[in-house]
Amino acid sequence: MKPKYKRIMIKLSGEAMAGDEGFGLDHNKIDAIAKEIKKCYDMGTEIGIVIGGGNFWRGRDGEGMDRSRADHMGMLATVINCLAMLDALEQLGVEARVQTAIEMRQIAEPYIRLRAGRHLEKGRVVIFGCGTGNPFFSTDTAAALRAAEIGAEVILLAKKIDGVYDSDPNINPDAKKFDKLSFMDVLNKGLGVMDTTAATLCMDNNIPLLVFGLDEPENIVKVLCGENIGTIVS
Ligand code: UDP
């Protein structure tokens, strides 16, 4: 198998890092994902990763809280996931760095675009923490923003379900999966692929989205190599 892209952004939800109950960290799952990322890395692919924080905290969970503060907590949650993934990758011999949008220099590098680019050129995986660094945004938006900044050709959006459907397949057994979609379709039909801020950013910057299921972590390699297993949004 040969990679179709040279530089990619992988977006993992916080839940991808958790066990079946959706909370905390499941090291077997993290290791399984890290092994697939290593395969992409071994093929010479330059890899950026954005990880969510929903397995610990989402800003909207903070009912009655000041929203910005609740979002700060969410951004901190992403860093725990980034460090867990960094560790798993390093244990496999993958050179990687974490850069955070909010400075925490004792723990990780601050996000510096040119430095991130340099790491990627040198073959290091860069894991971006703290989302965009701003409340009221999501890590999907962070993935779109960082992808645009580092010049990633595509975003690999790993999901719990195996693509984009016209309705929720967990509720509607007749739900239809799309092979291809435009960002306009996603926005007009209100399809829950990613939030509208993130989708707009991808559309405006011509960054296609490859949506696929992470129930089988080897899907990461398949998608990288151009296999049409999920939904392509462009
Ligand atoms: N968050 C934020 N700004 C960002 C990215 C994330 O405030 O740029 C906060 C927000 O509270 C969000 C939480 O971090 O709910 C975790 O991110 P997200 O919900 O995107 O994680 P996922 O659902 O992918 O696990």
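Placement of Cβ uses the backbone N, Cα and C atoms for every residue, glycine included.
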Stated TrEMBL location of region 'Involved in allosteric activation by GTP', expressed as one of 19-24, 67-72, 115-120: 19-24
Additional site residue, G48, G53, G93, G151 [criterion: listed by TrEMBL with D71, T132, G133, N134, P135, F136, F137, S138, T139 for UMP]: G53
Distance [Cα-Cα, Å, rounded] between K11 (ATP binding site) and S138 (UMP binding site): 11
Candidates near ligand 1 among the binding-site residues K11, L12, G14, G54, Y165, D168, judged by a Cβ under 6 angstroms: G14, G54
Residue pair R58 (ATP binding site), T132 (UMP binding site) - Cα distance, angstrom, rounded: 14
